[in-house]
Amino acid sequence: MAAGSIENEGPDMGVGDFVLLSEITMDAFVRNLRIRFEKGRIYTYIGEVLVSVNPYRDLPIYGPDYIKSYKGREMFERPAHIFALAEAAYRTLKQRSLNSCIVISGESGSGKTEASKIILRYIAAVTNASNQAEIQRISNILIQTNVILEAFGNSRTNRNDNSSRFGKYMDLHFDYKFDPIGGKIQHYLLEKSRVVKQQP
């Protein structure tokens with residue numbers, strides 16, 4: 001099975017949900033993560049939590065075929081993927097008319113900003129096709145403003161030349177048809193203690 005394959009995973013791909021590991025130890029956890037990573041599987045569940053490993057390369061797992069494969073499906077019907085998480089959040093919004101939240105957490109350089117872009121692209125792709133241009137415009141605005149906002153709050157660290165010193169809350173707004181119509185990004189400066197003096 002190719003790394004980009006949408007097909008269900010076999011036993012050679014490791015365990016797709018850490019809850020199903022036969023032994024719950026740090027060694028078993030890391031071993032399973034390594035097996036999956038080497039097979040091009042960067043996503044693994046822990047129940048309803050999605051663990052992702054930054055591949056530091058492009059993988060062909062975000063195209064239209066993948067979007068189609070996850071659209072309208074329950075989270076555990078397909079192999080672990082960020083699209084399954086985005087679909088679950090969007091379905092909660094549509095079916096129950098309840099606000100939904102995805103928390104993205106990780107170390108510097110782990111791919112948090114990239115994950116938020118992928119989720120936005122998925123939401124833009126699965127919403128109303130007749131208004132796709134406007135939805136894509138809103139998605140692009142949110143994605144592109146991120147670069148500007150990061151310029152004011154990032155700094156160099158040992159692990160990353162462009163490390164965020166803040167937390168970010170991105171709020172998507174939907175209309176009555178559950179199509180995105182806007183959004184808001186708020187920053188929370190978490191590490192003021194590191195700002196010791198103003199640059200020349």
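A Cβ is built for glycine as well, from the same backbone N, Cα and C atoms used for every other residue.
Just so you know, the Cβ of LYS112 (ATP binding site) picks up 17 other Cβ atoms within 10 Å once every protein chain is counted. Taken from TrEMBL, the feature ATP binding site covers GLY106, GLU107, SER108, GLY109, SER110, GLY111, LYS112, THR113.
Annotation comment: TrEMBL describes 13-200 as domain 'Myosin motor'.
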Number of other Cβ atoms within 10 Å of the Cβ of SER108 (ATP binding site) across all protein chains: 15
